[in-house]
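Chemist: Dumping the structure here so I can ask a few things about it.
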């Protein structure tokens, strides 16, 4: 007969334990975060290219194209590799930025009491996510500008370094941070929603499957991550449109804006409220699998790092020879 007063519910045999990370160091969280970030952005980069094209001012005539038609058009007229143009900028920044992002999140979540009694604490989760975003986005911002300029159809840059030198020579260092304010206004609530929905989904899955709070299957991780990505990306899409316009302004005829407020007014007056919804579908289609990949790879890396430490401890305590 199964004991009724156990403090921890038993883990089903088909559940891979992904949540035990109490003994991981800050550096180990950073390693897991870096791998997760690079995996996420590498796999989802073509979808991000489509989103940038649909949100940019220059593609106004193509905004009513379906995602499938947009992909077809790019492959037919520019070649399949065009979907990956500018990925070097992402790979240079995604690893370090996500390492800092997840390390900051884990440290802040602990400091804000987010791990008390293994319960879900929405305020601690949201605050930790917002703080992690502020730190990581400062590292990502310059590379994001380069990435988006290279993703445009009319981009004349031969490579990432040519883009960096040209933008710096023509517009100065400030051009690399032109969308940083908008990025923060978008990403702080994005991350707050992201982590809150993610943690909430995990708790719901725990109760539904009657498993312990520190046990979660890969499938459940994917589902929780996908739900978090969908909700956060849909609610913050208007700010992403504004950021894209700011970061690609001046490129081959694209109009210029004085600041974020100027961009928002121009989009509203010229395109109506629908202007802020450009790229919504590819953005959601990007962030659903992206978040699922990122959270699952991150949790899996933590699991293997944790398992490795446990094996080493057992070997030290009970040597075979």
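From the backbone N, Cα and C atoms, a Cβ is placed for every residue, glycine too.
Sharing the features that TrEMBL gives for it:
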type	residues	note
REPEAT	24-111	repeat 'Solcar'
REPEAT	120-204	repeat 'Solcar'
REPEAT	216-304	repeat 'Solcar'
Chemist: Averaging the per-residue pLDDT over the repeat 'Solcar' (216-304), what integer do you get?
Modeler: 86
Chemist: From the DSSP assignment alone, can you count helix, strand and coil residues within the repeat 'Solcar' (216-304)?
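Modeler: Summed by class, the stretch gives 72 helix, 0 strand, 17 coil.
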Chemist: Reported in the order helix, strand, coil, what are the DSSP residue counts of the repeat 'Solcar' (24-111)?
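Modeler: Here the numbers are 78 helix, 0 strand, 10 coil.
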